[in-house]
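Participant: Provided herewith is a single structure, encoded as structure tokens, for subsequent inquiry.
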Amino acid sequence: MKIVVLGAGAWGTALAISAAAHAACHEVQLWARDAQQAQAMQAKRQNQRYLPGLAFPPGLHVASGDMAALAADADLVVVGTPMAALRGMLERLDGCAAPIAWLCKGFEAGTGLMAHEVCAQVAPRLHSGVFSGPSFAQEVATAQPTAMVAASPRATVRDALVQAFHGPALRVYASEDIVGVEVGGAVKNVLAIATGLCDGLQLGMNARAALITRGLAEMTRLGLALGARPETFMGLSGLGDLVLTATGDLSRNRRVGLLLAEGRTLAQAVESLGHVAEGVYSARTVVQRARAVGVEMPIAECVVALLDGELRAAETVARLMEREPTVERH
């Protein structure tokens, strides 16, 4: 099976390593936008910038240049770029015959569209889906046990992802609910900022549990309003990804919350990370999409107010705690 992974960041590299390591019959091409970066990775057999010290398996090769030509000869194409770059990538892949799956999580800034909605706009002929779930790149690359979800309305896409990645260290489940999986991936990043803030302010385990639970309710309400299945949010791409991103210190979104709790500005927090924290860029869009369908998301609203400088860290908590009493709704 020939697998092409577009994007040589931490996550794209990790999945390329995973695919090449667990099946010797796989030929894996990792595409890097920068030709010098590609040459350096191919020569040194590692990604020193994002996953230093992790050697590439023999079946993994690094390329650059014409990505559409590379994809044209693939059995599966995986797009490992951030949400902001997805539209441009899909436009260049329009007409590709191979199944295509993206890894990004969030709603598109400006349009508020989910990834599959962007694909329907710019490349409707593609057989596409999303590969998501509770997974840190470092742990996937080092073959620590992980479970993920391959979601697509097309069985060909789901089956290709299972064939490419299911192995001793990575269990892949299939789902038809691409809406639910994408909503879970977008909202959990925003909620992880809130949980990081909570932990940074040392508000205790009770507060953390409340935030995660009520955050899951917000995620579910939005997902149902957009056509998702309720059971998806109890699975890997919902509750699973939320728990990991909200509590794991490898989470960039959680670290944004921790840094804001220390009194850093948003610009300082983002600069100190050195990598993209999708929740910072998708929070406003999540709230806008929720308002458009009449869904109340008070935690996400407070995160947006914090990121926009309308609230300070302690004020964010006070706003949530001072809301009027109500019945517990999911």
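Heads up, residue numbers simply count up from 1 along the chain you see.
Glycine is treated like the rest: Cβ placed from N, Cα and C.
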Participant: Please identify which of R171, R252, R312 is recorded by Swiss-Prot as part of the NADPH site containing W11, R33, K105, A137, V276, E278.
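Facilitator: Checking R171, R252, R312 against Swiss-Prot: the NADPH site match is R252.
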Participant: Inside 10 Å of the Cβ of N253 (sn-glycerol 3-phosphate binding site), count up the other Cβ atoms and send me the figure.
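Facilitator: For N253 (sn-glycerol 3-phosphate binding site), the 10 Å Cβ neighbour count is 27.
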Participant: S251 (sn-glycerol 3-phosphate binding site) to A137 (NADPH binding site): how many Å between their Cα atoms?
Facilitator: 10
Participant: Tell me, in order along the sequence, which binding-site residues from W11, R252, V276 have their CA within 10 Å of S135 (sn-glycerol 3-phosphate binding site).
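Facilitator: For S135 (sn-glycerol 3-phosphate binding site), the binding-site residues whose Cα atoms are within 10 Å come to W11.
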Participant: Measuring CA to CA, name the entry from the binding-site residues G133, K188, D241 that ends up nearest E278 (NADPH binding site).
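Facilitator: Checking each of G133, K188, D241 against E278 (NADPH binding site), the shortest Cα distance is to K188.
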Participant: Can you tell me the CA-to-CA distance separating G133 (sn-glycerol 3-phosphate binding site) and R33 (NADPH binding site), as a whole number of Å?
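Facilitator: The separation of the Cα atoms works out to 26 Å.
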Participant: Long-range same-chain neighbours of K188 (sn-glycerol 3-phosphate binding site), Cβ under 8 Å, sequence gap at least 6?
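Facilitator: Once residues fewer than 6 apart are set aside, K188 (sn-glycerol 3-phosphate binding site) is near K105, G215, M219, G238, D241, L242, T245, A246.
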